[in-house]
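If you check Swiss-Prot, you get these features:
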type	residues	note
BINDING	Gly32, Lys33, Thr34, Gly35, Ala36, Gly37, Lys38, Thr39	ATP binding site
BINDING	Cys486, Cys489	Zn(2+) binding site
COILED	160-421	coiled coil
COILED	440-478	coiled coil
COILED	510-542	coiled coil
COILED	578-826	coiled coil
DOMAIN	440-542	domain 'Zinc-hook'
Amino acid sequence: MRPLKLEVKGFTVYKKPQVIDFTPLKFFVIQGKTGAGKTSIIDAITYALYGKVPRYGASVATKYVLSRGEKELKVALDFSLRGRNYRVERYYREFPEDSQVRVYEEGRRLNIKANEVEKWLFKISGLDYKTFTKVILLPQGEFDRFLKESSERKKILINLLGLEELEKVRQLASETFKNLEGKREALKKEYELLKDYTPTKKEVLEKTLKNLEEELKELKETEEKLRQELKKAEEKDSLERELSQVVTKLKELENLEKEVEKLREKLEFSRKVAPYVPIAKRIEEIDKKLTELKVRKNKLTKELAVLKDELSFAQEELNRIEAEKEKFKEEKEREKELEHRLKKLQEIKEILKELSQLSSSLKEKEREYEQAKQEFEDLSERVEKGKKLVAETEEKLEKIKELFSEEEYTSLKMKERLLVELQRKLKELKEKEGQLENLTQKYKEKKKVHEKVLNELKELERELKERELHYHAHMVASYLSPGDTCPVCGGIYRGKALENVDAEGISELKHAKELKEKEEREIDTTLKLYAQKINSLKEEMEKLRNEVEELRKEIPENLKERIKKLEELRIEKEKLEHKLNKYRKALEDRQKQKEEAQAKLHKAQTELELLKEKIREKSRLVKEFKELYRVERLEDYEESLKEEINYINSKLQEIEEKEKKLRKHFEELSSRKSKLEGELSALNESINSLEEERKEKLKELANIYEVAKSPREVVELYLGDKEAELERKIKEFEESFQSLKLKKSEIEEKLKEYEGIRELSDIKGEYESVKTQLEEKHKKLGEVKRELEHLGERLKRKEELQKEISELEKKLEVYRVISNDFRGDRFQKYVSEIMLQKVVDRASEYFYKFTGNYFFELERATKGRDKDIVVVESSTSQRRPVSSLSGGETFLASLSFAFAVSDLLSGSANLESLFIDEGFGSLDQDMRERVSEILEAIKTNVNKMIGIVSHIPDFAERFTERIVVEKKGDYSEVRVIY
């Protein structure tokens, strides 16, 4: 695994977006002052991959790494692994809280949930969170002590490799030993139940199976022969049935031969008359047209005769009307005088209408006058009553004011507010009692959940211990070779095989344990919060009770009755005041109405006198008209005038209308007569032309007189488009007849090939019998196979049980050794000695690459003294202590051991990157001179990306590749130099 690019925003000191490109870097330094955020770069890499940061704990809440004052966080890491590129992005928002994870492979997003990322990383890299955090950042200072302090060497190695948990392994081994013993006994009991399933029984069944298969083979051969014979018989039967059908059809066609002959004759006639059909059709068209024209001619001749009579009558009528019109012109002079009288009469009628309206208006004015007079008298009386009512109301109001005190009412209302406050506090007290009961119930329920979670956590810890025990047992065995002496128990290791260890399962269990621990902490926090809330509620309730007592002391006993009495008086007072204002206003309104009524009465009297004078003048004009024309009733006189005028006008109009209609009718008749005469002339010409054409066509038809005697018969004999259909039917008949005769001969010839074939029914019966036998044999064969398969499974299970029991006994031997012999710290010492040798050997390879002359060896242990590390010069084989190394050599030696531990921890994880926390202080003169040479040696001999975290400027400046972290107030920025 090699980082390619890191993007951060809102992460610890990196508030603003920062991008670190690792691709041009190989051996570099992360440079910056203390607190600038150097280690935060490695924290960001770890957080991007696993969502956790080691220094804040494995199950850290993201809010601890969120930059101060920021609401959102983003960390993204691009890395390569085994030739493929990956990207992991993590997003977090504080409110509303939300977190997301996205994973990409070669630019394509993978469907991986947040809780599946660590499992996916372990699958592709072989590194779980715990291992990754040990190998990503190595404490250089520890390796410096590792070299120089032999007494602390094993302790440091145990800490680096995580061997401090091996005592837990021993305890788990003891528990697992008991569990495995129980499992072995159960397997032995199951093995005992399978004792009757033997190989001999299997051989008997296999022999039976073989016999059945041979019998089946013979039956199948017989079946195949019968099937072939049955096929021949079915073919013969099919041919015989087909021959019968062909013979039947031939007879049917022979019966149709006479009808087909008639069709041939009909077709021949049609072909003979075909050239004359257009002539015959034209003759028929001429006959039809002549008939129509002659009918039309007769009709028009009759119409022309009638039309001539009508014209003569119309001329006579016109002459009579002209004479009558001349005579009636004298009456028009008298009409003018009549119209003058009628106009005068209309004027008199209008005057009479006006008189009628004036009479109605007079009555209305008289009524209005009486109403105005009555209204004035009523209002005068009501004004007097209003004055009396105002005086009575004022007297009542004065009496109420004497009983009601505004100051007392205000004081009591203030006390009433205290009563409302008392009721509010009593209600609040009741609500808090309900809240207390609810919280107490929730606390009890959450307590039960807490106990359940604690039990689940204990079960997870037990299972995790058992898995780790198995894992470490496997690790112990991996360091021993067959024939080695166990340094703990002294026994000989015989190379007993162990099953593969599911490291991924351990990682998942640890993750589940961490989640359960987090859940337990959250529940515990909730319980404490509930307890705080309960105590707080109790304090608030006590305070409320005291306040209630104080309020009760301040409120008088009969407060409500006293307020009620005063409230009634106040309401009565307000009502009387409202009435008084109302009465006063009403009195003012009535006085105004009285004045208006008096003015209205005077106006009505004046209008009444004027109206009477106008009526007298109009009546005089009507009387003068009647005397002039001696008229008794105006309606009768008007009617006689109108009748006389209407008679004169209508008579003259009638004469003119008749004249107009007759002239129009005469013109129409004349026009129609001309048209009829022209049409008759054209009809005569058409009839003559058609008769000539008919004679010519009949002469042409004389050539086929022996076939058809008339044009109609020619048309009927001609088939037209039906000729082709008739010809096709005749041809189909002839072809079918010949085809059936040929087919009959072919079938008769084929049937000769099937002579000697048995009857179909006999063969079918024999075939069905053989098939039944085959089915029975197949059924029997299946039963034997199933029995044999079951026996095979049982025998296989016996073998599996033998193998499982054997493997369990091997495991039991290992756990027995661990639980009984690896006591105290002997196991840790033993493993640490093995690992020390491996670390020294691996570091020696690196040191020789860096120096070209030196390597490490472990001295032999002496009584009371641990093995020590010495430096050996390859050219002279001279040995010297590591304390004799110069500053630059010590730096290279520490790096060698750092790389060695990283290799051992990462195993097959292909870790292509490493970060080292340098632990030297300021460089001495020798180191300053040699640092460039050292860095070049590391670049040349290590195929890894290596970063050293340093806060010492003179050390960092020696690197050509640098990541510089600079503090900018409350945030930091990063620059990459290469």
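Backbone N, Cα and C atoms are what each Cβ position is placed from, and that goes for glycine too.
Feature annotations (Swiss-Prot) mapped to structure.
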{"residue": "Gly32", "record": "ATP binding site", "Cβ within 10 Å": "26"}
{"residue": "Lys33", "record": "ATP binding site", "Cβ within 10 Å": "13"}
{"residue": "Thr34", "record": "ATP binding site", "Cβ within 10 Å": "7"}
{"residue": "Gly35", "record": "ATP binding site", "Cβ within 10 Å": "13"}
{"residue": "Ala36", "record": "ATP binding site", "Cβ within 10 Å": "20"}
{"residue": "Gly37", "record": "ATP binding site", "Cβ within 10 Å": "24"}
{"residue": "Lys38", "record": "ATP binding site", "Cβ within 10 Å": "26"}
{"residue": "Thr39", "record": "ATP binding site", "Cβ within 10 Å": "20"}
Averaged pLDDT score, the coiled coil (440-478): 80
Long-range Cβ neighbours of the coiled coil (510-542) (under 8 Å; 6 or more residues past either end): 58-59, 115, 118, 128-130, 429, 432-433, 435-436, 439-440, 442-443, 446-447, 449-450, 453-454, 456-457, 460-461, 464
Other same-chain residues whose Cβ falls within 8 Å of the Cβ centroid of Gly32, Lys33, Thr34, Gly35, Ala36, Gly37, Lys38, Thr39, the recorded ATP site, in sequence order: Val13, Ser40, His951, Val965, Lys967, Ser972
DSSP-derived structure type at Thr34 (ATP binding site), helix or strand or else coil: coil
Reduced DSSP assignment, Thr39 (ATP binding site): helix
